[in-house]
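Annotated features, as they stand in TrEMBL:
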TRANSMEM  A:5-21  transmembrane segment
DOMAIN    A:23-285  domain 'NADH:quinone oxidoreductase/Mrp antiporter transmembrane'
TRANSMEM  A:27-45  transmembrane segment
TRANSMEM  A:57-76  transmembrane segment
TRANSMEM  A:96-115  transmembrane segment
TRANSMEM  A:151-171  transmembrane segment
TRANSMEM  A:202-221  transmembrane segment
TRANSMEM  A:233-254  transmembrane segment
TRANSMEM  A:274-294  transmembrane segment
DOMAIN    A:290-342  domain 'NADH dehydrogenase subunit 2 C-terminal'
TRANSMEM  A:322-345  transmembrane segment
Amino acid sequence: MNPLILTIILMTVFLGTMIVMASSHWLMIWIGFEMNLLAIIPILMKKYNPRAMEASTKYFLTQATASMLLMMAIIINLMHSGQWTITKVFNPTASIIMTLALAMKLGLTPFHFWVPEVTQGISLTSGLILLTWQKLAPMSILYQISPSINLNILLTMAVLSILVGGWGGLNQTQLRKIMAYSSIAHMGWMTAILVYNPTLTMLNMLIYIMMTLTMFMLFIHSSSTTTLSLSHTWNKAPLITTLILITLLSMGGLPPLSGFMPKWMIIQELTKNSSIILPTLMAIMALLNLYFYTRLTYSTSLTMFPSTNNMKMKWQFETKQITLLPPLIIASSLLLPLTPMLSILD
Amino acid sequence: MLKIIIPTIMLMPLTWLSKKNMIWINTTTYSLLISLISLSLLNQPNNNSLNFSLMFFSDPLSAPLLVLTTWLLPLMLMASQHHLSKEPLIRKKLYITMLAMLQTFLIMTFTTTELISFYILFEATLVPTLIIITRWGNQTERLNAGLYFLFYTLVGSLPLLVALISIQNLTGSLNFLLIQYWNQALPDSWSNIFLWLACMMAFMVKMPLYGLHLWLPKAHVEAPIAGSMVLAAILLKLGGYGMLRITMMLNPQTNFMAYPFLMLSLWGMIMTSSICLRQTDLKSLIAYSSVSHMALVIVAVLIQTPWSYMGATALMIAHGLTSSMLFCLANSNYERTHSRTMILARGLQTLLPLMAAWWLLASLTNLALPPSINLIGELFVVMSSFSWSNITIILMGANITITALYSLYMLITTQRGKYTHHINSIKPSFTRENALMALHMTPLLLLSLNPKIILGFTY
């Protein structure tokens, strides 16, 4: 794509999210969402094939529906409170509809069906933007209306998302679908704690974005989109396999890596609010996620997968540039001792 | 405590910066020095614990385990030299780094005061062990073994995290130094029963309890020698140590909650000992014997009398040294015949008589011959369980008999009889191997002269 056009489109995506996060008028928030949606469609379609077109169409339809539901909730809120300022939503109907709309944007169960299919149809870099940047805007709105969200709906969606994210990823060999299901599960963790302590939602979002960025960078480096092509990495760049191992175990939430920090904090907050069975269930269901991450490490770093001799030549031709990998690796694996610094997120 | 932790962490840069012919020498020497420093912790002036800081302490329970951990690292390094000799330099360094990382986590686990920190480090020991088993094991079954090991332990320990946090809410702090003084009886309710279960299941899986022991034979058999040694000697004891610490907070539910686990342990130790009699795989035999010995420790911890705690602690140390030595002996067989089948390498006394002496000593301590510390541990456990209920003596007695049976079976199969014709070209024992066995056996024999240092905090 022409670099100038690409810059303008990326700026529009960025601006859309910024408008959503910084506005205090509901209409501007809706406008920000629409700007974001329209501008990201060309990015999703960077590779011009029918699969990408199908993915972009699905994304557009779901997000547009969600925006319309959001608009309806805004109007109902306007009718009942008479003002456009974003504060907690006083009317329960409007609050429920808004929660459902934002859940559709994030990809929470039962609105998760678009996430794997859209992520699979687009290129790795577009998938990266989809799974990290696009989550910021809806999450910021959820953060701002968090005092008024109906707890039952949100917790049901969260727990079902963790379940679906765990079970759905079990049968996948395509890396983009694995990352999509991982995104669904992590969104479940984030929304579960939203009502009790929104700071932890932001913490989880931060750590999740860093780990997902790292994973995608490592995938982009070897241009691999299936487990099989990732398993050739030991031939080409053995250090990448170690980094994949560390980041995947961190995503699975194993101490002492930093992926354990959000899970630990969320379990602590939920237990302090006297719900004991819920965090236990959530923690055990997160083990399903850990299973398919571990399976991925088995074929990548912990065994030397059989490959043909042609693979050994491939390293001479690969020159993909990965940005910012060392700080991302450190952030996604070594941050656990810095847990007391949570207070800066308040 | 930092004087032990920081040198262990610095073992990792030592490996990466050493020259090619010095990596083994450097790491073994420095880890031996670190173990000498840890010996000073055994000097506990009174029955109180030595508090080094708010975060680390050592009391008569954790000091022997700490000394065992630091003693085993040089032994693991010595044992791994042969099977890593053909690997490229970077992989050797990675292996040693994994071992040093595991050692750091283990040292911190045994000495931390805060229970949540104990939990995080307890889980953290899983990651290097998983990598050692899966990356450097020898058969394809190691992938399955790693998965079983990881998931059994994690499913057991996630409820422990929730339980620890809810206890922290109730009592305000999980710092071990404080809990000793704040301890109150748990009120009787259904949720406290689940709290008891949540706290104990993690350690039951780790020990392992008989019904949840499926991961252990797989993991022990598929691990390389250092992995087997550290699993058998230390990681199982993490479960025992955790149980000993946490039962302090869980009275009085333990009086009735312990019955199912006591029954499982008492029956399980006989079952696993009997299975040992029918094993063809040498490492599998030693693995099942570990389950059987640890079942004794579970019985001892759940009975909660002073003598049983002494027996549990002594048994943990004794079993650590004995089991690790047996795995080293089995590995010396494996390196020569590349098979774990016992009958493929029989009649070794004729060919390797000094190694036969080590086999004899190891088997004798395994069957708890007086006056070794294995006997002291088992005897205290049998006596205290007899005083708890007279009938258990039947099961305990049967267990001791069957333990003797399979230990002697293992000794006779591998050492006595006519040797097979295909092993008359094996290499003779290396000095390194003889040194390894001596370094295992010497503490074991010396401790029988002064067992009070390993008898724990109820002495």
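Cβ atoms are placed via backbone N, Cα and C, with glycine included.
Fair warning: this is a prediction, and the values are worked out from it, not measured in the lab.
Mapped onto DSSP classes, the domain 'NADH dehydrogenase subunit 2 C-terminal' (A:290-342) shows 35 helix, 0 strand, 18 coil. Within its own chain, the transmembrane segment (A:322-345) is flanked in space by residues 199-200, 202-203, 206-207, 210-211, 213-214, 217-218, 220-221, 243, 246-247, 250-251, 255-261, 264-265, which lie at least six positions past its ends and keep a Cβ under 8 Å from the stretch.
Residues 124-125, 127-128, 131-132, 135-136, 139, 143, 175, 179, 182-183, 186, 189-190, 193, 230, 237, 240, 243-244, 247-248, 250-251, 258-259, 261-262, 265-266, 318, 320, 322-325, 328-329, 331-332, 335, 342, 345 of the same chain lie 6+ residues outside the transmembrane segment (A:202-221) yet bring a C-beta within less than 8 angstroms of a C-beta in it. When Cβ-Cβ distances under 8 Å to the transmembrane segment (A:151-171) are tallied for each of A:5-21, A:27-45, A:96-115, A:274-294, the top count falls to A:274-294.
Long-range Cβ contacts of the transmembrane segment (A:27-45) within its own chain (Cβ-Cβ under 8 Å, at least 6 residues beyond either end) map to 1, 9-10, 12-13, 15-21, 52-53, 55-56, 59-60, 63-64, 67, 70-71, 74, 84, 86, 105, 118, 121-122, 126, 129-130, 134, 137, 141. Residues 28-29, 31-40, 42-43, 129, 133-134, 136-137, 140-141 of the same chain sit 6 or more residues outside the transmembrane segment (A:5-21) yet have a Cβ under 8 Å from a Cβ within it. Model confidence over the domain 'NADH dehydrogenase subunit 2 C-terminal' (A:290-342) is summarised by a mean pLDDT of 79. Within the chain, the transmembrane segment (A:96-115) has long-range Cβ neighbours (under 8 A, six or more residues past its boundaries) at 33, 58-59, 62-63, 65-67, 69-70, 72-74, 76-77, 89, 134-135, 137-139, 141-142, 145, 149-150, 153-154, 157-158, 160-161, 163-165, 168, 180-181, 183-184, 187-188, 191.
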